[in-house]
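*Asks:* Just dropping this structure here.
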Amino acid sequence: MSSATSLVPPAAPDMREHELGECAAFYAAETPQRLFENLLHLENALKARGYDTDSAGAPALGPTTLTMEAIADRITLIINRFKAAVRLDLELYRLLAELVHIRIRTKTVSMQAWIELRGLSRECAEFILERKNFVCELMERFGEVYPTLSRVGLQSARKFESMYLGKLKNGRLESVGQFFLRIAAEAARGVANNDAFAAAVFRDGTRAPDANTVFCLFFMALCRQEIVPPTPVMLFAGTESRSYASCFLLDVRGRHTRDVLTSIAEEIIPVMHSHGGIGLYMDCDSNWDDNSSGMMLALKALDSIIAASNAVSARPSGLCVYVEPWHRDIMKILRCRGVLAGNEETRCDNTFFALWMPDLFMKRFEANGTWTLFDGRAAHLSDLYGEEFEKEYELLERKNVGIATYPARDVMFALIKSAVSTGTPFVMFKHAVNRNYFFDMAGRAMKCSNLCTEIVHMTDDESVGVCNLTSLNLAAFVTRRNALPGTPPIGTFDYSSFRDACAVATVFINALMSLSNLPIKRATTGNERLRSIGIGVQGFHTACLLQGFGLDSVEACRFNGKLFEALALTTFQTSCRICELGMNPFRGFSESKYAKGWLHMDGWPARHLYFDGWDRLRENIKAYGLYNCQLVALMPTASSSQLTEVSEGIHPVFGNIFSKITTTGEDIQLNVALMETIECLYPNKAERRDILERLHKNKWSTRGAFGAALPSQHPLTKFDTAFEADQEHLLRLSADRAPFVDHSQSTTLYVVEEDDGAVRASRVAHLLTTAFKYGLKTGMYYCKVRKATDNGVFLGTDTCRRDDPTCLACQ
């Protein structure tokens, strides 16, 4: 997305003795002199733009003080001195990013030392060592893309440094190239002995690549940030841990509180220690303790365990408990977080909650009807959905089995009050989830999703749901051409390259899944049985902006439909191709709807199609099967999107600038597409500065800064933020892509306080009803609120932070 200007590719020629013919660079380490030259080059570039680096307070570097530590310290002082000014200077933002990458390089070690210090598994280390010369070739290719990568942005560089690069002994770091190499090597190792995986990596099916070709393919896709792995893979790929699964769905069927506590000890805690995000259903069995607070006490125990675990974990985990709205404790659950929790004994601030919403509740709400709560005598309702659920629910009402009755609107408004005050509950629609599943779920309905509401997966006595994720960076597939002077460049989306990457990503995540360690036996069973994967996207809004249109445009609607059709078609073709090449379909395929020619999109008969190939795919699936039971999931990507500096997942940008105060000053992330557009429109520095200052005074809202002064087709009008976007239109986009998303999508709602500081519950209720009528599986992930008096996003306590466990667990 940006051109490189200065960073010299890392290659240092300090060699030690090595065997004849081996790649010398394998033993090479960075040198202070090399990095000092890079630093001087960048300092000169900063001075040319008016930033006097000598004023940062750093001592001058000379022959006697030229150490790695001194270089790193000088870089830190320069960054802290000028980072607040990036809001007015995109090039400064990129130059400071390059400085961070030099600081990273002051802490790196040679490839040989990295293999010894990183804690790689024996198998991954051997895979790399057997290919020393080829690895050196890969690092040369990395040197060609590293200048561009190092200029993605300051936020990206700092995220690599602080979180994703492996920490070695004595304060050393793995390099960015080693980071990508580790992930690619582990995935290639999963392909090395699987000819079907290797052949399926190319869409044309005419090539049978060797392990090195696949290794290179994975490596370059990662370096170019086309494929962005989830956080578990980035942290643990190739290590002894091998914890690659992102999502676990557990169904706890306890007859007593002690049964739930046993399950916590035997299954939930091991999964938490594997750093996976958890979606949990807790049964409302007839034999729960007579004390009506039994479930709440169990939840409190679980909440305390989550808090204790995260307090000592380098990577926090998160857990979401799914409850149906007829549950006897529903009103208590809606008052157990944040400012709504009046009783410390039942406060559960570390636990997320979600409502597994039956259609009948939404119908009762719309009709202004009543809603009945039940105890464990109605536990079997959890196994039913659709008409079966409605008939049984109404029968129980007629038999007076209920323990309390409320106006349905009271329950809905309690839900909304909790959502806007504390961040939860999330909302998923039970009927839409089960109706569109590839198995007939009559009498055995699915009861929960995952932590982030985008995974649909069955559980039973023998297995829990497991899903392995990855995402595609859509901005990486936008090819931009030079525009006329004074106009921003307009990009074109490369569907061919995107579909190639879809095939690579499908094999990539399957390869990692085949090597993954899982924390409990039921997870291993679930993983081996269904091989569920979720391939999603990040940068949807950014890709729209780079193509010259906003989310509310006709072009965005067309792009949305075509993009996700391409994603679904290609991933399913690849999964089918793996079976055609000799691998067995997922267990239970012959009993699935797929075996009869069904596809997920058949639930939306009015869909529009852009691509040929669906009819042939149906026939091939019937003939050969599918290796994976599900393939497309649109997860939030709050953490990994900071590496690519694109918009999160399918979501619009929160604001055109992100800012937080730290101990070293203000850290800022820019909307690079907006800054590039402003630079093109206003080449005069003084005029451009005036425009940026105007935006700053209006909280970086182009609508607030310019209002009606901008013509409707002006390039800046497309930069509306999430809170300025038409929420019904965002839901329409979700509905249009829904046929091609066989898992689900983390649908977030964005609302703004009224001038009196209130959030209108009727507004949120209308959006939930709209999502329900569109047939979405996820009605509401987060409900994010912007204060009327501020542009900062808040969510009750601090659940909107970018280190939120819900963000880290998935992506």
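Placement of Cβ uses the backbone N, Cα and C atoms for every residue, glycine included.
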*Asks:* Among Thr231, Thr262, Thr470, which residue shares the substrate site with Ser246, Cys247, Gly277, Asn450, Leu451, Cys452, Thr453, Glu454, Pro636, Thr637, Ala638, Ser639, Ser640 according to Swiss-Prot?
*Replies:* Thr231
*Asks:* Please give the maximum pairwise Cα distance, in Å and rounded to a whole number, for the substrate-binding set Thr231, Ser246, Cys247, Gly277, Asn450, Leu451, Cys452, Thr453, Glu454, Pro636, Thr637, Ala638, Ser639, Ser640.
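*Replies:* Max span of the substrate binding residues, Cα based, is 18 Å.
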*Asks:* Say you check the Cα of Tyr782 (site 'Important for electron transfer') against those of the binding-site residues Cys452, Glu454, Ser639; which is nearest?
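*Replies:* Smallest Cα separation from Tyr782 (site 'Important for electron transfer') among Cys452, Glu454, Ser639: Cys452.
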*Asks:* Rounded to an integer, what is the Cα-Cα distance in Å between Asn450 (substrate binding site) and Cys467 (disulfide bond)?
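*Replies:* Distance (Cα to Cα, whole Å): 9 Å.
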*Asks:* Specify the count of other C-beta atoms within 10 Å of the C-beta of Thr637 (substrate binding site).
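*Replies:* Taking every protein chain into account, the count is 32.
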*Asks:* What three-state class does DSSP give Tyr782 (site 'Important for electron transfer')?
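*Replies:* It is coil.
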*Asks:* Per DSSP, Cys452 (substrate binding site) is which: helix, strand or coil?
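*Replies:* Once the DSSP labels are grouped into three classes, Cys452 (substrate binding site) ends up as coil.
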*Asks:* Let's check the environment of Tyr782 (site 'Important for electron transfer'): how many other CB atoms sit within 10 Å of its CB?
*Replies:* 25
